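A.B. asks: Structure provided below as C-alpha cells; questions to follow.
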Amino acid sequence: MAHVHHFSYGPLTPVSAYLMSFVGSFLGLLCMSRARASTGRSRASWLSLAALAIGGTGIWVMHFIAMLGFSVSGMPIRYNVPVTLLSCLTAVVVVAAGLFILGFGGSGRGVIVTGGVIMGIGVVSMHYSGMAAMNMAGDIGYRPGLVALSVVIAVVASIAALWFCLRVRGLRATAGAALIMGVAVTGMHYTGMAAMRITMDPGMPVPSGATASDFLIPLVGGIAVVSITLLIIIAMAPSEDEMRADAEFRARMAAGRADVPQPGRSAPAPQAPRTRSSGEWSSGG
C-alpha cells in the first residue's frame, strides 16, 4: 500500500481550498438573491451566474486546489486534461440543474430535496471523475463506507445550499451561509479523499498527462477573471430589495392605470400592496 499525503504543503492547500469554496458560495448566494427578485430570462441569467460561482469556483476550484496538496510517496501523478475539464463542466451543470429546479419549480420542500439530491449526486460525480483523471503507476481503490459517507455529505450539503439560496438575505447572513457551505463542500472532498487506497505497481510505465502545476497559472487566471467579473456584475446590479421595490412600483403604476374608470363603471376599491417574504420568488413577466 502506497503512502498517501493529503497535505504536502501543510495547511496552505486546505485553507486556500476552503477560501475558494467560501468565495464561490458567497458570490453564488448574492446572485441567487437577485434571481429571487427577477423573472423570466433575467432570472435564468442570474441562476446561470450563481451556478458558475458555486459549481465552478465554490466546488471545482476548491477540489483542484486541494488536489495540489495531494501526493503519493515515490509515485509521479499526471492528469488527463479532457477528463479534468469534464469534471469542471459537470460541477457547473449539476449545480445549474439544482438551481433551475429551485428557481422555476417553486419553493416547497419537495423541490428543495429533489434539486438537492440531483445536485449532490452530481457533485459526487464531479469529485470521483476528477479522481479518475489522475494517471499514476498504481491501482486506485476506494473504501465503500467512506464513499457512502461522502455521498451523504454531498446530498445534505446540496439541500442546505438550496435552502440558503431560497432564504438567506443580507450580507452578514449571506457570509455566514457561505462559511457553512464552504465547510460542507471541503469536508465532502476530504472524506472522499480519505476513501482512496493506492497500491503501487512498479511494472507500470511512467504516466502521461499534465502535472498539477501545469494547471496552476490558468487556474489562478480563471479564478481572477470569473470572480472579478461576477463582483462587477453584482455591484452594478440593484440589490434584491431595490429590485422588489421597483417591481412593486411598476405594479402600482399599472394598477393605477387599470383603476381609471371606464364610462358607466365605477372605479374598483384600492388594494393594499403585498410584500414578499425572503422565501418567495417574484412572479410576472
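From the backbone N, Cα and C atoms, a Cβ is placed for every residue, glycine too.
The structure displayed is predicted, hence computed values, not measured ones.
What TrEMBL shows for this protein is this:
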COMPBIAS  274-285  compositional bias 'Polar residues'
DOMAIN    9-199  domain 'MHYT'
REGION    254-285  region 'Disordered'
TRANSMEM  15-32  transmembrane segment
TRANSMEM  44-71  transmembrane segment
TRANSMEM  83-104  transmembrane segment
TRANSMEM  111-134  transmembrane segment
TRANSMEM  146-166  transmembrane segment
TRANSMEM  173-195  transmembrane segment
TRANSMEM  215-237  transmembrane segment
A.B. asks: Which range wins on Cβ pairs under 8 Å with the transmembrane segment (111-134): 15-32, 146-166, 173-195?
C.D. replies: 146-166
A.B. asks: Do at least three CB pairs under 8 A connect the transmembrane segment (15-32) and the transmembrane segment (146-166), leaving out pairs fewer than 6 apart in sequence?
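C.D. replies: The answer is yes, given that the two segments have at least 3 Cβ pairs within the 8 Å cut-off.
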A.B. asks: Excluding the flanking five residues on each side, which residues at least 6 beyond the ends of the transmembrane segment (15-32) place their CB within less than 8 Å of a CB in that stretch?
C.D. replies: 46-47, 49-51, 53-59, 61-63, 65-66, 99, 161, 164-166, 168, 174-175, 177-179, 181-183, 185-186, 189, 223, 227, 230-231, 234
A.B. asks: Kindly state the mean pLDDT of the domain 'MHYT' (9-199) in the predicted structure.
C.D. replies: 90
